[in-house]
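Written below as structure tokens is the structure these notes are about.
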Amino acid sequence: MPKNSKVTQREHSNEHVTESVADLLALEEPVDYKQSVLNVAGETGGKQKVAEEELDAEDRPAWNSKLQYILAQIGFSVGLGNIWRFPYLCQKNGGGAYLVPYLVLLIIIGIPLFFLELAVGQRIRRGSIGVWHYVCPRLGGIGFSSCIVCLFVGLYYNVIIGWSVFYFFKSFQYPLPWSECPVIRNGTVAVVEPECEKSSATTYFWYREALDISNSISESGGLNWKMTVCLLVAWSIVGMAVVKGIQSSGKVMYFSSLFPYVVLACFLVRGLLLRGAVDGILHMFTPKLDKMLDPQVWREAATQVFFALGLGFGGVIAFSSYNKQDNNCHFDAALVSFINFFTSVLATLVVFAVLGFKANIMNEKCVVENAEKILGYLNSNVLSRDLIPPHVNFSHLTTKDYSEMYNVIMTVKEKQFSALGLDPCLLEDELDKSVQGTGLAFIAFTEAMTHFPASPFWSVMFFLMLINLGLGSMIGTMAGITTPIIDTFKVPKEMFTVGCCVFAFFVGLLFVQRSGNYFVTMFDDYSATLPLTVIVILENIAVAWIYGTKKFMQELTEMLGFRPYRFYFYMWKFVSPLCMAVLTTASIIQLGVSPPGYSAWIKEEAAERYLYFPNWAMALLITLIAVATLPIPVVFILRHFHLLSDGSNTLSVSYKKGRMMKDISNLEENDETRFILSKVPSEAPSPMPTHRSYLGPGSTSPLESSSHPNGRYGSGYLLASTPESEL
């Protein structure tokens with residue numbers, strides 16, 4: 001050893017030399033005791049190297065304010081599904097009665113599991129990969145599966161933002177380009193586009209002008225250059241929003257999370273002033289109580305709760321990992337969950353106020369068209385004028401008058417009635433036409449807005465709202481990819497984020513072919529549903545059964561400063577896993593009972609037709625599900641047979657102040673200089689409490705001899721235990 005080394009100098013001095021870890025702990029200042037972390041990575045629960053974790057935790061970015069964090073969680077959880085999925089499910093599954101199973105499942109599944117993800121992210125301060133490796137190394141594949149699902153969802157979700165960008169720029173003109181069918185001129189002859197005439201102006205614009213869609217998924221048709229440019233714009237927006245992490249995305253959230261509520265409020269006020277709005281809202285919330293007994297309603301409600309909160313994606317964990325340790329994540333879970341529910345109900349009011357207005361217009365149009373048919377039959381003596389009630393005035397025909405006339409003709413001309421081709425023109429029939437997803441946003445809603453005064457203004461506002469809703473969700477989705485990868489592999493943040501956006505843009509070209517909409521349907525319906533249910537049920541099992549619900553509750557008590565309700569103990573331990581298992585089983589059965597398919601637009605018929613996926617598409621679909629779930633069994637097998645290190649072969653001690661760490665397994669047996677602390681003995685406080693004392697190889701902790709065999713988050717994180725009697 002060099003003569004001028006500090007060890008040699010101290011050996012020749014009278015200064016006290018620490019010979020062991022026990023002495024080292026005895027010299028720790030009282031203030032260090034509160035902030036120190038003792039990590040013993042033994043064979044039964046090895047964790048990541050703690051010195052690196054301490055450094056990362058101190059250097060980890062943080063939210064500028066609690067408001068910024070809440071807006072980020074709201075922006076991620078409140079997305080396009082709240083606008084076009086929830087209203088459709090509400091209408092389909094019993095109107096107001098659907099809110100009962102939804103609220104019940106939100107309370108017993110949604111909030112507990114959302115709280116769980118917030119808590120583990122905030123406690124461990126890592127992305128999804130680091131969190132689940134830390135809780136249970138053998139289930140570390142959960143984090144990788146979350147990243148893959150986020151990638152799949154981000155690929156097609158940003159395409160929808162691209163569609164909204166296209167409509168947004170097309171809205172800056174009057175009249176709106178989808179308000180009338182195009183006219184084809186051939187010399188002096190002008191005819192309406194046949195495809196548009198058979199369908200409608202908004203439907204034609206969506207399928208032909210925007211998507212230029214092919215007749216099936218097997219017909220690629222090449223790239224749609226307009227949508228390719230819009231996809232590039234969409235990924236550029238997302239890239240700029242997330243390139244600096246929460247420093248950049250947090251500022252974007254102030255606008256992207258709040259602006260949609262301004263637009264929804266404006267649409268609600270405007271919608272309530274429209275003729276027929278009340279009809280739509282009453283139709284929406286009139287409860288059909290018999291639907292509550294249908295298991296399918298509960299399955300769809302559970303699925304919607306599950307996806308509405310963004311469970312399993314990793315975005316919730318990523319956002320909460322930037323919080324302070326003492327943040328009240330229990331309050332955050334309840335607040336964000338109920339804001340999400342409130343947004344869904346608000347969006348439903350807006351949608352059905354507007355659809356009620358549209359239904360009235362379409363109903364009046366139907367009455368006019370059928371009245372013209374009846375006049376034609378009267379003039380050609382096919383029908384007798386005696387069939388027309390005397391008070392009916394064809395120049396001012398009301399829906400009530402038409403309904404009365406229709407019933408008389410149907411009764412008298414019972415045998416010949418079907419040949420007349422008359423429609424009943426019932427308002428209920430128009431309102432019962434279930435529209436969801438892109439059909440609601442890009443067809444039904446756009447058609448309604450063409451009848452608004454100042455329609456371009458409302459169109460600009462609507463599609464700007466969709467862009468912001470999508471952007472908020474994409475920021476969370478990207479965080480679910482970038483945060484765990486950056487935390488785990490220490491790659492440069494900006495370079496990796498930009499690389500992800502570039503990669504996703506080129507892969508996303510699959511969705512901007514002329515057949516791209518069919519691939520969006522495939523990914524939306526099948527790529528994430530089953531994998532996410534598997535991910536969340538394993539997250540629940542990892543915390544509640546492998547780590548231990550009692551220990552987790554105690555950790556929450558130490559972190560929050562109060563004990564969470566015992567309600568969560570039973571939800572995490574029993575109810576939520578059972579519900580998730582039933583949902584997973586139901587999803588698998590649904591895939592088997594209903595062969596996967598999609599709605600194709602047939603140009604020649606100008607109508608949709610349901611087609612089944614061809615064999616190669618089914619193979620792709622199965623591959624997507626397999627790739628998303630494969631990391632879970634792979635990591636489990638590799639770590640079970642010790643083919644992949646889980647960090648359990650090292651025994652390490654780390655200090656926040658001294659930043660001192662040495663791998664004891666690598667120390668020489670007679671090394672007397674292994675731990676030296678530059679403090680004099682007089683500064684040493686009293687010995688550390690038992691639960692903070694050093695555990696040598698083969699020794700037993702008082703905690704390990706109790707009912708907590710693995711310590712907190714495994715044997716590497718030991719804190720004082722709370723008596724079970726308090727649980």
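From the backbone N, Cα and C atoms, a Cβ is placed for every residue, glycine too.
Topological domains recorded in Swiss-Prot put Arg275 on the other membrane side from Ser645. Packing against the topological domain 'Cytoplasmic' (244-251) from elsewhere in the chain are residues 61-64, 68-69, 72, 319, 322, 475, 479, 482, 493-494, 497: each is 6 or more residues past its ends and has a CB under 8 Å from a CB in it. Residues 68, 71-72, 74-75, 78, 241, 343, 346-347, 349-350, 353-354, 458, 461-462, 464-465, 468-469, 471-472, 475 of the same chain lie 6+ residues outside the transmembrane segment (252-269) yet bring a C-beta within less than 8 angstroms of a C-beta in it.
Around the Cβ of Asn393 (N-linked glycosylation site), the number of neighbouring Cβ atoms within 10 Å comes to 9. Ranking the recorded positions Asn186, Tyr377 by how many other Cβ atoms lie within 10 angstroms of each Cβ puts Asn186 at the bottom.
In this chain, the transmembrane segment (305-322) lies in contact with the transmembrane segment (334-355); the count of Cβ pairs under 8 Å, excluding pairs fewer than 6 apart in sequence, is at least 3. Between the transmembrane segment (305-322) and the transmembrane segment (97-116) there are 3 or more Cβ pairs closer than 8 Å, counting only residues 6 or more apart in sequence, so the two stretches are in contact.
Long-range contacts of the transmembrane segment (570-591) within its own chain (CB-CB distance under 8 A, at least 6 residues past either end) are made by residues 105, 108-109, 112-113, 116, 295, 299, 302-303, 306, 526, 529-530, 533-534, 536-537, 540-541, 543-545, 549, 552. Contact count against the transmembrane segment (97-116) (Cβ pairs under 8 Å) is highest for 529-549, out of 141-161, 452-471, 529-549, 619-641.
Pairs of Cβ atoms less than 8 Å apart link the transmembrane segment (619-641) most often to 141-161, out of 141-161, 452-471, 495-513.
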